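What Swiss-Prot records for this protein:
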- 1-39: topological domain 'Cytoplasmic' (TOPO_DOM)
- 61-66: topological domain 'Lumenal' (TOPO_DOM)
- 88-99: topological domain 'Cytoplasmic' (TOPO_DOM)
- 121-137: topological domain 'Lumenal' (TOPO_DOM)
- 159-183: topological domain 'Cytoplasmic' (TOPO_DOM)
- 40-60: transmembrane segment (TRANSMEM)
- 67-87: transmembrane segment (TRANSMEM)
- 100-120: transmembrane segment (TRANSMEM)
- 138-158: transmembrane segment (TRANSMEM)
Amino acid sequence: MASRAGPRAAGTDGGDFKHREKVASHYQMSASSKSEIKKLTVVHFLIWILVAAQVAVSHLNLVSHDLVAMPYQWEYPYLLSLVPSFIGALAMPKNNISYLVISMISAGLFSVAPLIFGAMEMFPLAQQLYRHGKAYRFIFGFSAVSVMYLLMVIAIQVHAWQIYYSKKLLDAWFNSTLEKKKK
């Protein structure tokens, strides 16, 4: 909007911001952490779909076992890793601290623990593959050990970041609760 003083009205150059109210930092932290957790949950869901598809295709004999290998033992408990994400999603709308704590603990049990067990389960096979070049399980022509280790590296990062942002969100909610109690 043009004014008589020039192209910009006086007082709209951003110099008058100091007196304005600002959003409290714990609200900013809460909003940004919720956003990151939602993005990570989408990535986790995509990883979960890949694992569930491999388990389903293998058990329903939709394709030959030469094309898609039988699942490793760690993949079955990992299918429960969707539960912590669901509980975390329930915690978000009303800032429910107890649901978020349950989500964080169950993420360790149902998401991270199966991945650690899987790394230990597949280590001898990975060692054999890299020492002797022999693989006995394949997923679409690729070594199943290599494919699953790649998936596990991505999954462990996703779950670690989910737990990290959940902790930041929990801290923001506790700060908000403490400030309300002080008033």
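Glycine residues also receive a Cβ, built from the backbone N, Cα and C atoms like all the rest.
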Range from 67-87, 100-120, 138-158 with most C-beta pairs under 8 A to the transmembrane segment (40-60): 67-87
Local confidence of the prediction over the topological domain 'Lumenal' (61-66), expressed as mean pLDDT: 84
Positions on the same chain near the topological domain 'Cytoplasmic' (88-99), where near means CB under 8 A and six or more residues out: 30, 34, 37-38, 41, 107, 162, 166, 170, 173-174, 176-177
The topological domain 'Lumenal' (121-137): DSSP-derived helix, strand, coil residue counts: 12 helix, 0 strand, 5 coil
Residues from the same chain, set at least six apart from the ends of the topological domain 'Lumenal' (61-66), whose C-beta lies under 8 A from its own: 138
